[in-house]
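K.L.:
Quick paste of what Swiss-Prot says about this protein:
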type	residues	note
COMPBIAS	1-10	compositional bias 'Basic and acidic residues'
COMPBIAS	11-20	compositional bias 'Basic residues'
COMPBIAS	24-42	compositional bias 'Polar residues'
COMPBIAS	49-60	compositional bias 'Low complexity'
COMPBIAS	93-104	compositional bias 'Polar residues'
CARBOHYD	Asn173	N-linked glycosylation site
CARBOHYD	Asn196	N-linked glycosylation site
MOD_RES	Ser2	N-acetylserine
MOD_RES	Ser45	phosphoserine
REGION	1-72	region 'Disordered'
REGION	87-106	region 'Disordered'
TOPO_DOM	170-196	topological domain 'Lumenal'
TRANSMEM	149-169	transmembrane segment
TRANSMEM	197-216	transmembrane segment
TRANSMEM	264-284	transmembrane segment
Amino acid sequence: MSELTEAEKRRLLRERRQKKFSNGGASSRLNKITGQASSHLNAESPLDAPSAAKTTPPASVHSATPDIKEDSNVAPQLDLLKQLAAMQGQGTGKSTPQDSSTPDLLSLLSSMNTGMPSAEGTPSFGQAAPAAPINQAALDYHDYLLNRLKAWTILVKWVFFLLPYLYLITRPNSSVWPAYAFTQSAWFAPLRNPSNFTRIFATFEFLSISIYYQLLKNVEHKSKIKNLQDTNKLVKLVSLVPEGVIPVANLKGKLITLLQYWDLLSMLITDISFVLIVLGLLTYL
């Protein structure tokens, strides 16, 4: 019989020692070493207890709580779906209750145009807050007052001043004028002189346009509607452009001023055209 190697000897010794400990020898050996043979303390060796298999539950792959990042992405999508559903329900004629937290599309566009309000309640972009929509009946009434003012202005200027004055300078010796005593007075003589026509016509136009402008302001005050800000389509179109897109400061205000000057200038051009036509007719008739 061959001799055992050192490794085999150590293995057999370890197996015998393990078998001895498993039969209860570990506790008695521990008591001898520590001197607690007659002690009431628990001196049972852990080696004497049967080894219980410890099972650990597998770690869950996914956490029970939802991901915060995922919730932040889902919330706007849900709001957008609610808004689209509400708009679709309105388009098909069905009354769909809309969540109070869902923003209105028109209000969102309006807030983008005017800017978010600051602490003082004014828009951050420097634009005025959007006014309430004007009733169509009020617009019709304003147009009626404006057209009536223009009609009366043209009638008074043409019939009661321009037409008689043009007839006077083209026919100063007509048999119509001696019938009126005021035509023979000294202050009436400059009116009969054709060389004073340009100065007299310019003075009359300045006075008539000034009076018309004041009456126009009275119409706006009476109807509570501004003639250009609330009725002109070009001004409304420019007001939709956000501040800073076009490199012109106060573009809406400058456009309104330009349109006001054009309105007054168009009246002057109309009167000049009327004068030229009447002078041509009176000259060749």
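Keep in mind that glycine also has a Cβ here, set from the backbone N, Cα and C atoms.
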K.L.:
Could you tell me the C-alpha distance between Asn173 (N-linked glycosylation site) and Asn196 (N-linked glycosylation site) in angstrom, no decimals?
P.N.:
17
K.L.:
Using CB atoms and a 10 A radius, I'd like the single residue among the glycosylation sites Asn173, Asn196 with the highest neighbour count.
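P.N.:
For the glycosylation sites Asn173, Asn196, the Cβ with the most other Cβ atoms within 10 Å is Asn196.
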K.L.:
In terms of Cβ proximity under 8 Å, which residues at least six beyond the ends of the transmembrane segment (264-284) contact it?
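P.N.:
Long-range Cβ neighbours of the transmembrane segment (264-284): 153-154, 157-158, 162-163, 166-167, 170-171, 201, 205, 209, 212-213.
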K.L.:
Hey, does DSSP put Asn196 (N-linked glycosylation site) in a helix, a strand, or just coil?
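P.N.:
Note: Asn196 (N-linked glycosylation site) is helical by DSSP.
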